[in-house]
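According to Swiss-Prot, the features are:
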- Asp337: active site, proton acceptor (ACT_SITE)
- Arg28, Glu29, Asp33, Arg141, Pro142, Gly143, His144, Thr145, Glu165: D-ribulose 5-phosphate binding site (BINDING)
- Glu29, His144: Mg(2+) 2 binding site (BINDING)
- Arg259, Val260, His261, Ser262, Glu263, Gln280, Glu303, Gly304, Arg305, Thr325, Thr360, Lys365: GTP binding site (BINDING)
- Cys264, Cys275, Cys277: Zn(2+) binding site (BINDING)
- 1-204: region 'DHBP synthase' (REGION)
- 205-425: region 'GTP cyclohydrolase II' (REGION)
Amino acid sequence: MTRLDSVERAVADIAAGKAVIVIDDEDRENEGDLIFAAEKATPEMVAFMVRYTSGYLCVPLDGAICDRLGLLPMYAVNQDKHGTAYTVTVDARNGVGTGISASDRATTMRLLADPTSIAEDFTRPGHVVPLRAKDGGVLRRPGHTEAAVDLARMAGLQPAGAICEIVSQKDEGSMAQTDELRVFADEHDLAMITIADLIEWRRKHEKHIERIAEARIPTRHGEFRAIGYTSIYEEVEHVALVRGEIAGPNSDGDDVLVRVHSECLTGDVFGSRRCDCGPQLDAAMAMVAREGRGIVLYMRGHEGRGIGLMHKLQAYQLQDAGEDTVDANLKLGLPADARDYGIGAQILVDLGVRSMRLLTNNPAKRVGLDGYGLHIIERVPLPVRTNAENIRYLMTKRDKMGHDLAGLDDFHESVHLPGEFGGAL
């Protein structure tokens, strides 16, 4: 595996006026961009970028800057396959020659990043290509445009960067790939990170949730407080069903019984027997109700282990044709499990949880939450409900995904009546 540097180093280098290399996903452009902060642009930095890249220098900007400077889309209907939001090209109106030299382009870059600049400070068209970044940065769109703006903002600078794709020194008709980029980074003392690293860092270190509403919800397992949250950048709503006092005058947020439940429309609502999701949700609510204190966190956007409802139905088609639940996802070009628990972890922290007993049969869920500073003192298994429709699915989860599911080899049709785990408590 190619060695990468820390996001912290990359941010520090951006703040110091240095360039960094950012690599995107191999299934996307699979390229490395040279990136620096636009307000730190110098003729030497631009000349270095021109020498080792394609020379098509772009300046990613946040939406507010684009609006202030009147930077309209280059074309009304964006047909770029990655949705890169090119705007009209510009040059600085004053202090430049033709606009193409390294010195001229550095001047234009700095002016684009200047919070006092106005639309009339630029001529159109020009030799620098502004790009409009998505609000929310790499959490909304995992592109180099957003990475550049995020890095500049994280460095305490204006949300404006400069980017260009690095060309291979072995084959100048191609772009440099990961191994060659590492060599290049070492030769020039440049930090190298991935967009995935940046996404992970932001999820872990920034707050991305907002508490919206709270209401009393009477259920057949008793009464819960339903606390609603929105995920700011993903436009997804989540609900925490809370029983008892989690943290307050009589509770310290420790030893909380918690279930983090991934949304499953087919299992939770329709009662599908293809999975065990509905019974797990029911059992978790009953166990928390019996405990008298705990949380069932219902995570929206996790449908089909994060691949979405339509893809899940397509995966079901492949399973009916003989694939298992893991291979069906992979055959669709999707990960076996695409869920991220960062938002869930932030919600639990907001609710006052410090340590928990986690209701799950999935050890990976424990790892996913542990990484966000929550202390998991115990993994509490959930009852397994088997039937002829879900036994193969459960065996695949056990054998390929490491779920702790005992007794499947002794399968016989399980019969469970409604309310088995406690009824109305």
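Yeah, the Cβs are placed from backbone N, Cα and C, and that goes for glycine too.
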Quiz prompt | Cα-to-Cα gap, Glu303 (GTP binding site) vs the residue listed as 'active site, proton acceptor', nearest whole Å | solution = 10
Quiz item: In Å, how long is the longest CA to CA span across Arg259, Val260, His261, Ser262, Glu263, Gln280, Glu303, Gly304, Arg305, Thr325, Thr360, Lys365, which the record gives as the GTP binders?
Solution: 23
Quiz item: Closest of the binding-site residues to His144 (D-ribulose 5-phosphate binding site), Cα to Cα, picking from Arg259, Cys264, Cys277?
Solution: Cys264
Quiz item: Where Thr360 (GTP binding site) and Cys277 (Zn(2+) binding site) are concerned, what is their Cα separation in Å, rounded?
Solution: 11
Practice problem: May I ask which residues of the same chain, at least 6 positions away in sequence, place their Cβ under 8 angstroms from the Cβ of Glu263 (GTP binding site)? | Solution: Tyr298, Met299, Arg300, Gly301, His302, Glu303
Quiz item: Using Cα coordinates, what distance in whole Å links Cys264 (Zn(2+) binding site) and Arg305 (GTP binding site)?
Solution: 9
Self-check item: DSSP three-state assignment (helix, strand or coil) for Asp33 (D-ribulose 5-phosphate binding site)
Solution: strand
Self-check item: Among Asp33, Glu165, Glu303, Asp337, the most crowded of the recorded positions [Cβ within 10 Å]
Solution: Asp33
